[in-house]
Structure formats: structure tokens, C-alpha cells
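Chemist: Before we start, here is the structure in question, set down as C-alpha cells.
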Amino acid sequence: MEDGHSKTVDEVLSHFRVDPERGLSLDQVKEYQKKYGPNELPAEEGKTLWQLVLEQFDDLLVKILLLAAIISFVLALFEEHEGVEAFVEPFVILLILIANAVVGVWQERNAESAIEALKEYEPEMGKVIRGDKSGVQKIRAKEIVPGDVVEVSVGDKIPADIRLIKIYSTTIRIDQSILTGESVSVIKHTDAVPDPRAVNQDKKNILFSGTNVAAGKARGVVIGTGLNTAIGKIRTEMSETEEIKTPLQQKLDEFGEQLSKVISLICVAVWAINIGHFNDPAHGGSWIKGAVYYFKIAVALAVAAIPEGLPAVITTCLALGTRRMAKKNAIVRSLPSVETLGCTSVICSDKTGTLTTNQMSVSRMFIFEKIEGNDSSFTEFEISGSTYEPIGEVTLNGQRIKAADYETLHELGTICIMCNDSAIDFNETKKVFEKVGEATETALIVLAEKLNPFNVAKQGLDRRSSAICVRQEIETKWKKEFTLEFSRDRKSMSSYCTPLKASKLGNGPKLFCKGAPEGVLERCTHARVGSTKVPLTQTLKQRILDLTRTYGTGRDTLRCLALATADSPMKPDDMDLNDSTKFYTYEVNLTFVGVVGMLDPPRKEVQDSIVRCRAAGIRVIVITGDNKATAEAICRRIGVFGEDEDTTGKSYSGREFDDLSVSEQREACSRARLFSRVEPAHKSKIVEFLQSMNEISAMTGDGVNDAPALKKAEIGIAMGSGTAVAKSAAEMVLADDNFSSIVAAVEEGRAIYNNMKQFIRYLISSNIGEVVSIFLTAALGLPEALIPVQLLWVNLVTDGLPATALGFNPPDLDIMTKPPRKADEGLISGWLFFRYMAIGGYVGCATVGGAAWWFMFSETGPQLSYWQLTHHLSCLGGGEEFKGIDCKIFNDPHPMTMALSVLVTIEMLNAMNSLSENQSLVQMPPWCNIWLIASMCLSFALHFVILYVDVLSTVFQVTPLDGNEWMTVMKFSLPVVLLDEILKFVARRISDGESYIKNMHGLVLAWAVFFAYIIWGP
């Protein structure tokens, strides 16, 4: 039933043709079951394991690697002279692909749990009244249908969306925090809410499915079941939300596509260039064998071009980032989101508990100082402290005072304790104080403990004992006999108390009362001034209300309660405690004591975090279910708005936002800083508008209602104290629910992205070097310098360790003073690509040069001519050109070892270069990152292991090198440092706006030094 909240009880009953005393007949139940279906949320239709596994292989780079593995395996099967070593390459490639697939499947499985977590809010049983049986009967909740008359009482979980028709207790309170985020339980009533557009918070006559009864007993008619409930609509919205890839994932996908196209072109080119060599004598004159040989080289090229270690290094770097974030109370559930935090441009933050402490606290109060006729003055106190721990100072005009010196405060403290059903409790695990009961009542308990009006000695007491000693003292003086519960009509509650011993308040019973100032003052005839009782005139009442209104508006927007006492209350025997409508007549002839103003105070560190966000170019939007005035007041206190800033066009209520056209809503989202009185649908809509403007949004939330928006936003941030559904839908969980932890996580995300750029640059330049080396050997007709299994070793192990260590680079000092990078900013800019090509080109040439040096110049080598080397495949055919040369020399492992050693050494030096994108090694030396030095040492150690351990040297087809050969390796390797220093020098000068000609002078000079080193070096 739509708009059930706006219909009267009779209209709802007639709509379902139901008698509130007898319930539905069995025929009606069957009819409605057929019409509306079962009262349950359908299970999520998840993907099968095989679907998830196959999805992991739906990537161009992965497909190319898989194809390379299959081809290598097939070629190894048909190879005549190869042993088990031939299968190492396809086996290692498959191992990499399987490992990546396992990680991918695990992450997807993790993400699917959000919708399933909703089912925990479905109750198993419900209490209904039906025509087949008299009285209340328990049935399975899934069998409940719209029109059923349901009864609920304290502790029950609401089985469906229910329209209240009758309340049996004084009041009925519902804890609907999971759905609306309201921290205080809500009092419900049976009256119609005439607004058809009312938000869930304003539907005071509806009990929502999955929420809990905090107090009272009532009966209602079911108006929505299954997917037609408020929680069901959230489930529908979540299932319709598509997963969006993070900016990094999108860039890596684009990079993969570009790389795969380049790989395909180069592989075809290498194969085509060598068509003329297919029938060389080395292939036995067989054109097919020659074609297969060069096909193997093309496969090796594909393996060389793909950075197999990149996924593992990225995962490791992100995992390290999550550990650092966890230390800052930000627990990351989805690894890719770590990097996304770095480009967050908008943070949409909940107010309650994130920007504020979610611990109501009395900050101001006033009592009468004097009354002379209609002339009067107030004493106004301020109270410090923003948590439930009763530590804080009571000040008057900035000076600390003793509450014991003010007799009125004796009575005020007593009312706070005795007219109260709540308490504070010390959580031994978390080492914090928590509320037991209502937030507003807990604030009064804490106030009384801070006041300590009876000067109770607290020295030597532990934290728990010192926090309850005032309460214990007051409870030795007074005994609570009964409570007149809060009701909507009088907006107050009171406690009938009798004295246990003589006190300044008198020897007779008292009725201590608290409530809305307007309602309490109506029933006040006197006011307390010190220990005297003075008549309260209408003029004085107006003055109290005026000051109360000042507390409730402006910068503070405090929630005010008036405290009063009935000095001579009616006798209990004359009261009818079962009829709440008569409570109003018992709370009469009250004496006004004072007014306390409380608020959910902002966290101390939030204001500084807002300033940091502004400096970092991040817009903070506060989204809350609170009313507009309260929300704006808090926003002014924390710096989202200036003290006197006009909020027109920057602050919208949910209703105001709905009244705008689509284009106006989009415009509002582009400049707004506050949305108040919002529903879950508003949050999702705001995220959609921000995404359409290419903003990267982080959205916070804690309730079930927040889950769709958390899932839709690029970064969903759930509160540690939030619901399981919110945590499952989010990418990150704040252990301390603190906004400042989000800012710390954003800073970490930016640092991680900078480090990722460095190791991606490092790995890609290495791969370009490998491609260049294979391309050169194939194009020039040189013997193989590197084979696939060696390339895999370099890509995965030798390069992987320093690349991972680059993730430990310290963040730049100015990282939070730069604007967020754009989501569509390329991973590789034009200048970076040129640097990759320059470094990669040198790596490839040096690698091939190392192998060629052994053939042409080494004392232990054959000392061939360049022509002989480039025509080595003709050696087996004989001829004068190869007279006296043993053709087996072309299978010697020395040249491959030289090439591999040059490649590894250059890559270690290149890792050193990657410490900073533009800073020289003189400014940022290697010991800035001790992990990098350790990883370089380990990589060299592993390289020596495969060279000097016989079993491994056979697998990798390498051999030990002598001192002269190692000296040559260093000669080929060291220039890469000089080359990168030149490129960094140019980058710095260009970014500083220096003259291009000056740059060219420096560049020419540096290149001259470089070539002099190559030609005349040792």
C-alpha cells in the first residue's frame, strides 16, 4: 500500500478489508499471498565459481599470456632435443595466471556479501491476529501478508512495514537507527501524517521492517512485505547498482589494450622480417622448422613485453598501504580502493558520529540569579567535555566555579539523576564510557557527575567508580518510587521520589520533572532562586523562553530541556498510573529550577581536517538526516561554513532538493556543502550527479539505508560501529568513526599512487628494454640473447623485489597542498612515455651489446666478425666465411649470461633512479628508502644463485662469469644512471619554466660525456 502513513486508521483497514479485532480470514490470507508473494527478501543470484574464474581471464594481456603458455607447451611437446626444462616456461606462466585468478575470485566473493547481509534483519517469527484462531498466534514471518493485523512489544523485531492502529502502553519507542541513522529511539503514534512526500524519519505512524521495539506495546496493519518494504527497496537499489572500476583499474585496462596491440604488431613484424631465414641450414633446410623457430621468438617477445610481475607488485603495494591505513584506524576491505582514495575530490560525510562524537553533551545551562517582581537576571554556565566520560569544567564568565557554592545546582543535579532511566557504563575492552539508555538522559547523568554539587571526594577512585560517585551519593538521599513516562501530549516525564534522609530540599516527597521548556513552564507557578521559592509571572516565563530560544538557534542550536520540581505532589493513591492521559494533571504547581542546553558536539580534530581538505582541493559535503538549522549550526562550528556565511545555494533540505529540476539538482550538487533531512535515495542521487561531473566521491554511512550509496560511490566508507550491511557494501571501514581518519587515508592514497607511478615506470621501462633486445636480435639476425624462462625470472623475481620496495618511498611533504588528480588523467604522459622509450631503448641495446661483446671481443669468446655474428644461422652450411669456427659456439651459455647480467644490473640501477620522478639521486639518495637497498641486494643474491648453483644454471641456461666479464657488465650498465639524471634535469627545467635553449646546452654536454664514457671508458 502506497502512502499508508498519510491515510487514517479507518482508510487503511477498509483498503485491506480487515477487522482490527479479528484479523484476516484464511481466504483473504490465501488471496493476498497469491497477490503479494512471500514476506522475504529474495536471495542474491550470485555468479557461479566457474563464471567468476572465467571472468578473471577476460583480459587482453591475460589472454595473450595464456596463448603464449599454450603455444610454448605445444612447441615443447614436439621439440626433439629438449628435456623437462622446456616445460618450465608454460608452467610458470600458468602459475601466474592461476594466482591472479584466485585473488580476483576471492575479492569478488567478498564483495557479494553485502546483499546477503540484509537478510540478518529479517525476523523469523511474527505475532498476528487471524480469523481462524482467537487471540494472538505466532507464525513464520515469511507467511505474513499485507492486511495482517500484527502485535509487537518490547524486544520484538518488526516483521514487515506496519501502519500503527492502536498503542497499548503509554508510548511506543522504536529503534530505527539501522534504517534512518537516528541515534535516539523514535516515539510513534497512530495519527495520519498528511504529507504524502514525508521522509522515513517523519513517518511517525509506520513501524519499518527489521527495526526493533525499544519500549511499549502496540498493534498495527501490515502495509508492505518483502521487496515492498523500506528495507526491500534498499535491497532492490543495491542489486541494481553496477560495480564501477577504480581509476587505476580503468587506466591499467587501457594500458593493457594498447600494450596488447603493440605486442601483436611487433610479434608479427619479427616473424615477417625473418621469413627469408626460414630455410637457413640451422633449421635443416626445412621452411616449417624455420617458421616454428621464429614463432618461438615471437612468443618470447610476447612474454618479454607483458609485465607479469605488475599485478603482484600492485597488490603488494596496496596491501602495504592498507596496513599503514589500519594504523590510522582506516580498515580497507577492497585493495583497489586504496589508490582511488588518492584522487578523491569530494567527501560526502555523515554528521552524526563522524563529524560529531555521537555523544550528547550539555554545553550550557542557566538558573535564576535573582527575581525582584518582573525584574530578574540569570546565571549562565558553560560546561566543557564532549564525550560520555564525566570529565569537564563548569565555568561562569570564563572562570571555573564550584557547583556546591550554588544551592540551585544541588537541586538541578538531583533532578538530573533521579528523573532519569539511563546510565553510563565503562567499556573495559574499548576503554571508553558508553550510554545505557537514551542519549539525552545520559547527557544529564554526565552533567550531574561534572557538577558534583555535594562535593563528593573522587581522589583515589578508579575511572569507573569516579564516574558514578555523584549518582551513588544522590541515591543515598532519595528513592525513586515510580516514573510518569514521557508522552507526546505533555512532552515531559517525571519521577516520584521520597527522601531517605534529611536534605536541603526538604523532608517530604518530590516530583522531579523534565521536558520541553514550553510544556514545563505552562505548569510552573514558582521559580527557585538559591534555596527560596519565588512566584513565576508570565513576564518571567517569557524571559526564560526568550533565552531558551537563543540557546536553540544561531551558532549553538542546542536541544533544551527545562527542569522543575513539584514540592508538594499529589499522593500516589490519588494517581491513576495506568492512564497516561491523566499524567498532565499530576505534574502541576511546579517550581522552575533551570534549563540545560545539549548538543552532539563536533570532534575536536575535525576543524583542522576540514582546513586540510580545503588546502588539498577536496570539497566536503555534509549529508545528514538532522533538521536544517541544527546541521547548519554544526557546519559553522567545524568550518564547512564561515561564521556569518550566507548558505543560500550551498545548503539544501531533502524537500528543497526534490523541488528542483534535474538541471538545478545537478547545479546544486556542484556547489552544495550541506544536505539535511535526507533519505537514502537522496544520497544515491547525489553520488550519481557527482559522478556525471567526473568527481571521485567518498561517501560515509553506517545504517542499512546507506548501503546503496556506499556501493554506488567510488569509495564507500562505513563506520566501525555501523551495521554489517553497510560494512559489506563499503570499501573502507573507519574503526574510530572519525572524519579525520578519512583525511589521513586520502593522504596515504595519494602517496601510494605516486609510488605506484614510480614502480610502474620502472617495470615498463624494463619490459621495453626486453622487447628492444629481442627485436634487435631478431631484426639483426643475432643469436638469442634472452630466452622466455629468463625473461619470466627477471619480470617476476629480479624486478619484482625492487618494484615492491618502491612502494615504501616516503610521501612528498607537499602532497596535501596539491589539488586531487583527475580520474581521467593518463597513467603515462607523453613525456613519461619518451622517458620509458629512452631508458628502455638503452636497456635493450646494452643487453644485446653484452651478448655481442662476448662473441666479438671477449678473450674467452670466438672473437667473430659482425657479419659472422649476424649470419650465424648459415654456419652449419659451411663456406669460407665460417672456416675454423665450431658452430656449437652459438649455443654457448656465456653470451646469454652476459645479456641477463647486464639486464639485471641495469634494472637495479634503474630502481635507484625511480626513487623520485624528477629529483636527482644527489637530492634523494638511495638510503632514503632502506627497503630498496635491501631488495637490490636480495635481487643480486638471487641472480648469483641461478648463476652459481648447477641445477638452476641448467634450467636458466646460464653459466658463471669471470672478473673481466663482470667489469664489462658494469661498463654497459652504469650509463643508465647518467641517462636518467639527464632526463630528470630536463624535466625539472621544463617544469620550472627554464629556457629550452639552456636545456639543450646541458643536454648536449651530458650526451657528450655519455658517449665519451661508452667509447673510451675502462
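Placed from the backbone N, Cα and C atoms, the Cβ positions cover glycine too.
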Chemist: Which one of Glu656, Glu907, Glu917 goes with Asn767, Glu770, Thr798, Asp799 at the Ca(2+) 1 site, as Swiss-Prot has it?
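Modeler: Same Ca(2+) 1 site in Swiss-Prot: Glu907.
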Chemist: Of 253-272, 313-332, which span is tagged transmembrane segment by Swiss-Prot?
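Modeler: That would be 253-272, the stretch labelled transmembrane segment in Swiss-Prot.
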Chemist: Of the ranges 713-735, 828-850, which one does Swiss-Prot flag as transmembrane segment?
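Modeler: So the range that Swiss-Prot calls transmembrane segment is 828-850.
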Chemist: I'd like to know whether Val150 shares a side of the membrane with Arg988 - going by the topological domains in Swiss-Prot.
Modeler: yes
Chemist: Of 619-639, 787-807, which span is tagged transmembrane segment by Swiss-Prot?
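Modeler: In Swiss-Prot, the transmembrane segment feature sits at 787-807.
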Chemist: Filter the binding-site residues Asp702, Asp706, Glu770, Glu907 down to those whose C-alpha lies within 10 angstroms of the C-alpha of Asp799 (Ca(2+) 2 binding site); answer none if the list is empty.
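Modeler: Within 10 Å Cα-Cα: Glu907.
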Chemist: Let me check one thing: do the transmembrane segment (757-776) and the transmembrane segment (897-916) come into contact, meaning three or more Cβ pairs under 8 Å with sequence separation of at least 6?
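Modeler: Per Cβ check, the transmembrane segment (757-776) touches the transmembrane segment (897-916).
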Chemist: Can you tell me the three-state DSSP label for Asp799 (Ca(2+) 2 binding site)?
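Modeler: In the DSSP reduction, Asp799 (Ca(2+) 2 binding site) maps to coil.
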Chemist: Taking Cα atoms as reference points, rank the recorded positions Asp350, Asn767, Glu770, Thr798 by distance from Ile306 (Ca(2+) 2 binding site) and give the first.
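Modeler: Comparing Cα positions, the closest of these recorded positions turns out to be Asn767.
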Chemist: Want to know which recorded positions, from Asp350, Asp702, Asp706, are within 10 Å of Asn795 (Ca(2+) 2 binding site) at Cα; which are they?
Modeler: none
Chemist: How many of the residues that make up the topological domain 'Cytoplasmic' (808-827) does DSSP mark as helix, as strand and as coil?
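Modeler: Result for the topological domain 'Cytoplasmic' (808-827), in helix, strand, coil order: 4 helix, 0 strand, 16 coil.
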Chemist: Under an 8 Å Cβ to Cβ limit, what residues of the same chain, 6 or more beyond the ends of the transmembrane segment (930-948), are close to it?
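Modeler: Distal contacts: 793, 797-799, 801-802, 804-806, 808-809, 897, 900-901, 904, 907-908, 911-912, 915, 955-956, 958-961.
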Chemist: Between 0 and 100, where does the mean pLDDT of the topological domain 'Lumenal' (851-896) sit?
Modeler: 81
